[in-house]
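Undergrad: Quick one: structure below, then a few questions.
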Amino acid sequence: IDVPKATEPRGDSDGPRRGSLCDRHCAAINNVQGDLGDLGCHLYHPRVPPAVSPPLCCQQHSEEVCESCMVKTTLTAENVVEANKLSNNYKFGFKKWKSHVTARPWEDRSEIVKELYSDLNVIRGSGGSTVTCGNVLYLLLFGWWLSFLYVLVAAMMFITVVGAPYGRLCWDLAGYFLWPFGKVIQKVEVPKSRRALGACEAGTEASGAGETSALLGGPVPRRWRPWCWADAGHWQCAGTVAWLCLGYPALVLAHGLVCVTAWLLVFLIPVAKLSARTTTRVLLLPPERVLVRRLKMTEVPLEGEVILCCYRAVNPYYYKYAVDGINVFAVNLLPLVLVTLVLGYVDSHNSLTSSPVKFTLALLSIMPLSYYIGMAIASISAQSNFAVGAVVNATFGSITELTFYITALIKGSREGNRCYAEIVKSALTGTLVGCVLFVPGLCMVIGGIRHQEQRFNSRSAGVSSALLFLSVGGVFAPTLFSKVYGKLVCGECHNVTQNPLGHYLCHNCHFDLMENNGTLYYSHVQPLVYTVSLLLPAAYLIGLFFTLKTHSHIYDIHISGCHMPGHHHSAVVHWSRWRALVILLLSTLCMSACADLATEHISPILTNSTISQYFIGVTVLAMVPELPEIVNGIQFALQNNLSLSIEIGNCIAVQVCMLQIPILVLFTIFYPTNFTLVFSDLHVYASMFSVVLMNYIFMDGKCDYFQGTVLVMVYFILLAVYFFAPSPSGC
């Protein structure tokens, strides 16, 4: 498995630290693994039992030597491309990607994964009872009405007389599809003596002046034989013509419906395979060559090709299923993008659907597009050098969020509505808070269910934390400056004591920066905003140079691209560089279109909804585009690689402050909008508190599910605050 393994500190119960400098030296002295030239292949692939004690030589070394290897992380990869992808995961500023960008060797896959890609034609031994919850679900969803349809088609084929063999086949298949589990459909050979004539020899033909009949001993022309078992003449039989015209189309439609429904439900993909194979193989065979029977536990299968043999309708591991390297969920959501674009631009007057429906569809369409953009970036980076990978990640790494923000600001500027700028600020804050609290917290909770305690590289997390402190301080510096020097202005005030000198209750108060023709803003706040927008990207570049060049050893990554003896594989990439580039550009264009539709149809939601606009921006608009990243983080945490789960959230938060916000400020210079880098008090307090709490939790380099629960609970408390907060002024 190409999952990074972070080594633990040496103790009495700990096993040897594979791949560390200490182990390499020990192996060389004890001659355990052979010469140092071949040491890498053998140190990384074998799974060393945890009970194995460290070699004797490690006990002879000083603690300083072995302590230097405590944070060593070793990675295994099948080929150079996968090695580059794994290495990029640990590079600051690069998109973290869990899935493979190359095809994995079939022999290296587990039996569970191999079963996912099977063709349902393997007869297994006794696998227990076939009465399971998943099989009962199949019976309730598909089995009963599919079986009933086969009975109706069987009756219709018997009425035609010439299609009687197909009627018997449909009758057998009716029982099969009612409960197909533990049964088998085979293609059997028909004796040559039965291939010349059909099972029934009714039918006559007039030829010239005479009349011949099979009953009278005369030959029956092939084109009028009711059915012919020879493969060459099967399609010329009258029974086959009746079957293809009357019975087969109805069953194809039914199986097509079952196939599409089961495929969209993902975990019922075995049912989709069952229907697809039935349509393309079973229903096109001559009836006499199809045998349906129930398997007994001690029965030896008959001779003949097994076409279908299914034991389970539901397989929970189908979330791992991929089509050409693309996860099945991303494949299923791709038609949603097409539906969204068609409805959004064809039905411009909302005659078919309403604006809230279009907004929801546009927002959901962003998820698969984010996945395709992420996979394209990972594929290009893994197949290119460092410079190309850095440029691609810097250019398209934040394209999903920036596309939505810019389109929202443009629409708000055209309509003169300040609410869009406030929504963008809420989404920026929501992304920052969610990636600092919710993403690592959720990964800790889910990873902690499987692993009692998880460790991560506190030094690399410290770099991200330092940049996060710097970025948050820089982003909110104009806000703090405006609150110190700005003038507090309130919309309306009421005297609650009926005394001119009494107490006043004021609403819609804010700090006015435009007093005296905006002297404070244009002379002081705006120059500060531009200064911060220049310093933050500069600090980001310094962080890249620090982590990738001068101090790359803090990650202490070593990648082994070797295989066990006899296993030699070349890289078979799912997407070539050009294909990945085309998909990246197309996904970016579709993302722009979906973002435009989302901002176009968000107005009714903002004006008619009773929910605070703060809450909409912080939750829906902020976290939906990050769902693929959240899934990647959870997968890393389940593999006990919490370092990458934390880095996913930290990198997104740092990019929000150090790249996305400066880009938005730069955009407002060339295209004036209502966006100013002055946030509300709620955004400032929530962001700063989240960053401080996150750094406190990550201080010791280890965590468990309880600490993750704390982060998640704090995140939900902040969401409750945003939910009950009044809408921002101008909305």
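Glycine too: its Cβ is placed from the backbone N, Cα and C atoms.
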Undergrad: Can you identify, from 296-316, 611-631, the stretch that TrEMBL calls transmembrane segment?
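TA: TrEMBL lists transmembrane segment for residues 611-631.
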Undergrad: Does the transmembrane segment (386-407) reach the transmembrane segment (580-599), going by 3 or more CB pairs under 8 Å (6 or more apart in sequence)?
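TA: Between the transmembrane segment (580-599) and the transmembrane segment (386-407), which are separate recorded stretches, there is contact, as judged by 3 or more close Cβ pairs.
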Undergrad: Sort out the residues at least 6 away from either end of the transmembrane segment (528-548), same chain, that have Cβ-Cβ distances under 8 Å to it, and list them.
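TA: Answer is 91-93, 386, 390, 460, 463, 467, 470-471, 474-475, 477-478, 481, 554-555, 654-655, 657-659, 661-662, 665-666, 676-677.
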Undergrad: For the transmembrane segment (580-599), which partner among 357-374, 461-481, 611-631, 652-671 gives the most CB pairs under 8 Å?
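TA: Selected stretch: 357-374, with the most Cβ pairs under 8 Å.
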Undergrad: Against the transmembrane segment (357-374), which of these stretches has the most C-beta pairs under 8 Å: 461-481, 611-631, 652-671?
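TA: Going through each listed stretch, the top one turns out to be 611-631.
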Undergrad: For the domain 'Inner membrane component' (133-183), what are the DSSP-based totals of helix, strand and coil residues?
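TA: Residue counts in helix, strand and coil order: 42 helix, 2 strand, 7 coil.
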